[in-house]
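Q: Handing you this structure, nothing more for now.
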2 protein chains.
Amino acid sequence: MIVGVVGAGQLARMMIPAAVQLGIELRVLAEADGMSAQLAQTAVGDYRDAATVLEFARGVDVLTFDHEHVPQDVLRAVVDAGIRVAPGPDALLFAQDKREMRRRMSELGAPQPDWAPVDSDDDLQAFLDAHGGAAILKTAKGGYDGKGVRRVTSVTDARDWIDAAVSGEGPQLLVEELVDFTRELSQQLARSIRGEIVSWPLVETVQRDSVCAEVYAPARAGAGDARKRAAEAAEIAHLIAEGVGVTGVMAVELFETADGRVVVNELAMRPHNSGHWTIEGSTTSQFEQHLRAVLDLPLGTADMVRPAAVMVNVLGGPSSGRMEDVYANALAACPDVHFHSYAKTARPGRKVGHVTAIGDDVQRVADRAGVGARFFEV
Amino acid sequence: MIVGVVGAGQLARMMIPAAVQLGIELRVLAEADGMSAQLAQTAVGDYRDAATVLEFARGVDVLTFDHEHVPQDVLRAVVDAGIRVAPGPDALLFAQDKREMRRRMSELGAPQPDWAPVDSDDDLQAFLDAHGGAAILKTAKGGYDGKGVRRVTSVTDARDWIDAAVSGEGPQLLVEELVDFTRELSQQLARSIRGEIVSWPLVETVQRDSVCAEVYAPARAGAGDARKRAAEAAEIAHLIAEGVGVTGVMAVELFETADGRVVVNELAMRPHNSGHWTIEGSTTSQFEQHLRAVLDLPLGTADMVRPAAVMVNVLGGPSSGRMEDVYANALAACPDVHFHSYAKTARPGRKVGHVTAIGDDVQRVADRAGVGARFFEV
């Protein structure tokens with residue numbers, strides 16, 4: 001069994017242990033030498049080039065992804081060559097293009113913010129007029145970790161993006177209502193090629209400066225009926241997974257609103273930062289489950305090993321060098337915490353690793369993970 | 001941080017996930033192409049050749065092992081070159097030479113069977129006369145999985161081995177009393193270079209045809225006071241670890257006698273089959289702990305994630321091909337069991353993988369692991 005992964009970041013890196021365990025051969029197409037998943041690296045090249053990707057994909061049982069940026073024409077060339085791609089281009093489109101995603105969510109009846117495509121000043125003005133004069137403008141493509149998202153109260157605020165979109169030099173735009181949300185949640189599941197679906201518990205993600213900082217599994221109680229909310233989130237994710245035909249792991253990022261509803265924020269069709277806790281915290285990690293799903297193997301149980309798991313991202317890393325340079329102190333202070341280094345050089349704000357703790361009491365678990373992560377702060 | 005591993009079998013293979021997680025670079029010296037740990041393979045060569053091992057060890061922070069067969073003169077050449085070796089040659093000697101091991105256990109006062117070196121017919125006859133006419137003859141070197149061990153009742157039974165030993169063509173010999181044991185146990189610990197020691201719970205190993213077939217963690221109750229026995233085993237292993245100065249993971253294989261004592265059977269100074277359950281069953285796996293210990297990093301907690309873990313070896317594998325070929329059935333039947341394939345071709349009796357289950361009730365856990373493993377039987 002051979003899985004080819006386009007991209008060699010930490011997500012591909014974290015597939016390595018699962019592949020080693022199951023005896024699956026992993027091949028990685030890296031953008032450059034020395035990337036996070038370099039241990040499994042077998043090729044270096046441009047994922048936007050169909051010939052490069054086709055050459056890499058030759059001989060694999062399935063092609064999958066560390067990121068969602070492979071262009072549709074490249075994906076379709078691989079499919080046309082008779083190579084299995086998971087998730088396929090038809091599904092991946094909805095993780096690549098936010099306008100297409102919002103359109104599809106509307107068709108499926110998934111709860112989401114009011115939204116509209118923006119192709120002109122008038123489109124934006126009309127939306128602002130109808131929504132109290134403020135809204136969230138997004139680029140349909142290329143956004144992540146807060147990039148490609150802007151709060152606007154006038155067409156002037158959007159001048160550069162609209163001009164770029166109209167001229168075709170920038171990505172298309174959409175506008176969404178400001179959601180009065182109290183916190184962010186994430187519902188992850190895996191769907192295999194034959195259509196088996198297994199969901200992890202609903203988790204809570206805490207963002208800092210628009211970047212995921214902490215994940216609580218399961219989501220803390222919050223306001224209202226937690227069990228009802230968990231069931232609703234799982235149902236929404238299930239609806240979407242079948243509606244878009246995703247194969248592999250998918251994360252549905254959700255806003256929880258002040259009035260107790262959940263609405264779809266974004267989709268990710270690959271292992272996701274909100275699921276790193278599953279490595280130690282769930283019977284089947286998101287990385288193993290992704291490999292099973294894209295190889296069309298039966299999926300594993302996604303229950304929790306212990307009642308609580310908390311993951312804290314290491315953002316930036318120590319002021320000089322790598323996480324490993326301060327292991328002596330961190331490991332001594334936290335002998336029951338799990339440290340993950342992506343073998344990246346520290347840089348302000350860069351995700352260079354994460355720390356996970358599991359146990360019975362969520363607050364104690366959070367404290368342990370937090371202490372562990374703080375050793376690596378700049 | 002770079003760890004060099006001599007040997008590329010499943011033990012080196014299972015170090016890969018731990019190394020990936022911690023951001024440690026693993027380099028492996030394989031005996032041949034295509035071995036179990038080939039993902040991390042950086043060199044192929046003969047571990048009995050000092051120049052080969054020295055060349056491989058250049059630039060690593062520490063050299064460690066997948067097996068105990070590297071000759072003492074090669075180990076000493078590496079140490080003399082200023083490269084850290086863990087475990088060091090002085091400790092490893094006691095895992096390489098059973099006569100040296102028995103001598104050292106006697107000096108340390110560790111409980112063990114009566115024994116004697118055998119360099120002549122008279123040595124063996126005298127031991128047989130003193131021990132009721134039957135005993136276990138062993139080669140001092142080269143034995144594993146029941147090889148190099150023979151039950152004898154006369155010098156005639158030992159003719160070939162004694163002749164070979166006396167002529168210098170075969171390994172030296174020792175003889176041990178027949179121990180009336182009820183079961184076998186294994187006490188594992190890790191000792192770091194600075195001398196920190198952390199012990200896993202005492203486990204029970206079930207052998208079939210002299211090969212480890214199943215491991216129960218913790219050891220089932222058995223006769224007598226289980227807590228007292230666990231404490232005694234941990235104390236013995238601690239005494240030995242400090243007495244031989246081991247660095248890295250060590251397993252002390254023990255016999256439990258009909259009269260309720262434990263006596264030392266063998267030592268292993270590397271990750272060990274009796275510790276594979278730690279991958280899912282303990283907060284720190286033996287593979288991660290070994291890397292921490294040989295790099296002189298602080299050790300992790302070795303407690304159990306759930307009250308029970310059972311590991312079942314896959315011996316032989318499916319009648320044709322690899323474990324992966326029957327995954328479709330096995331994974332579907334056992335969604336909460338952990339499958340490990342060493343990516344080896346099946347061969348009668350060969351360890352090609354293992355299966356682990358964890359949970360609250362030891363018998364249910366054992367049943368689940370057993371069902372999982374049976375899918376791969378020839």
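Glycine is no exception: its Cβ is also placed from the backbone N, Cα and C atoms.
For B:LYS98, B:LYS138, B:GLU176, B:GLU177, B:LEU178, B:VAL179, B:GLU184, B:ASN265, B:GLU266, the entry in TrEMBL reads ATP binding site. Annotated domain 'ATP-grasp' per TrEMBL: B:102-295, in sequence order.
Each of the listed features needs to be described in terms of its position in the shown structure.
A: Every protein chain considered, the tally of other Cβ atoms within 10 Å of the Cβ of B:GLU184 (ATP binding site) stands at 20.
Across the residues of the domain 'ATP-grasp' (B:102-295), the predicted structure has a mean pLDDT of 95.
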Q: Note down the number of other Cβ atoms within 10 Å of the Cβ of B:LYS98 (ATP binding site), including every protein chain shown.
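A: Step by step: centre on the Cβ of B:LYS98 (ATP binding site), count other Cβ atoms within 10 Å, giving 26.
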Q: Using Cβ-Cβ distances, find the residues under 8 Å from B:LEU178 (ATP binding site) that belong to the same chain and are at least 6 apart in sequence, listing them in sequence order.
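A: Counting only residues 6 or more apart in sequence, the Cβ neighbours of B:LEU178 (ATP binding site) under 8 Å are B:HIS131, B:GLY132, B:ALA134, B:ALA135, B:ILE136, B:ARG151.
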Q: So, three-state DSSP: helix, strand or coil for B:LYS98 (ATP binding site)?
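A: The three-state answer is helix.
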Q: The record names B:LYS98, B:LYS138, B:GLU176, B:GLU177, B:LEU178, B:VAL179, B:GLU184, B:ASN265, B:GLU266 as the residues that bind ATP; what is their largest Cα to Cα distance in Å?
A: 18
Q: Which residues in the same chain, at least 6 apart in sequence, have a Cβ under 8 Å from the Cβ of B:GLU176 (ATP binding site)?
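A: Looking at Cβ-Cβ distances below 8 Å from B:GLU176 (ATP binding site), excluding near sequence neighbours, one finds B:ARG102, B:PRO113, B:ASP114, B:TRP115, B:ALA135, B:ILE136, B:LYS138.
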